[in-house]
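Asks: Provided herewith is a single structure, encoded as structure tokens, for subsequent inquiry.
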Amino acid sequence: MVTKVKCPTCKTELEWGPQSPFRPFCSKRCQLIDLGEWADEEKRIPGPINPDLLPYPDEGEQWQ
């Protein structure tokens, strides 16, 4: 049985398997669009912010 999924970027249906090297995306273009959205912080993993992981402000700056 062939599993079909929709590309998360353009919603094109594709077969999940070795013939789809960019899965879950349909193409390199859709893969790069998604990567760009993460890099531009348009996407993020929801959850509480851990203050220990935040950088300290430079001297004289205020926390936002």
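All positions are counted from 1 along the displayed chain.
Including glycine, each Cβ sits where the backbone N, Cα and C put it.
In case it helps, Swiss-Prot gives these features for our protein:
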- Cys7, Cys10, Cys26, Cys30: Zn(2+) binding site (BINDING)
- 43-64: region 'Disordered' (REGION)
Asks: An 8 Å radius from the center of the Cys7, Cys10, Cys26, Cys30 Cβ atoms defines the neighbourhood of the Zn(2+) site; name the other residues of that chain inside it, in order.
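Replies: For the Zn(2+) site, the extra neighbours are Lys6, Pro8, Thr9, Lys11, Thr12, Leu14, Phe25, Ser27, Arg29.
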Asks: Going by a 10 angstroms cut-off between Cβ atoms, which of the binding-site residues Cys10, Cys26 has the sparsest surroundings?
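Replies: Among the binding-site residues Cys10, Cys26, the sparsest Cβ neighbourhood within 10 Å belongs to Cys10.
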Asks: Does anything in the same chain, at least 6 positions from Cys30 (Zn(2+) binding site), have a Cβ under 8 Å from its Cβ, and if so what?
Replies: Cys7, Pro8, Thr9, Cys10, Thr12, Phe22
Asks: Measure from the Cβ of Cys7 (Zn(2+) binding site) and count the other Cβ atoms within 10 Å, all protein chains considered.
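Replies: Cβ-Cβ neighbours of Cys7 (Zn(2+) binding site) within 10 Å number 20.
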Asks: State the three-class DSSP label for Cys10 (Zn(2+) binding site), counting H, G and I as helix, E and B as strand, and everything else as coil.
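Replies: Its secondary structure by DSSP: coil.
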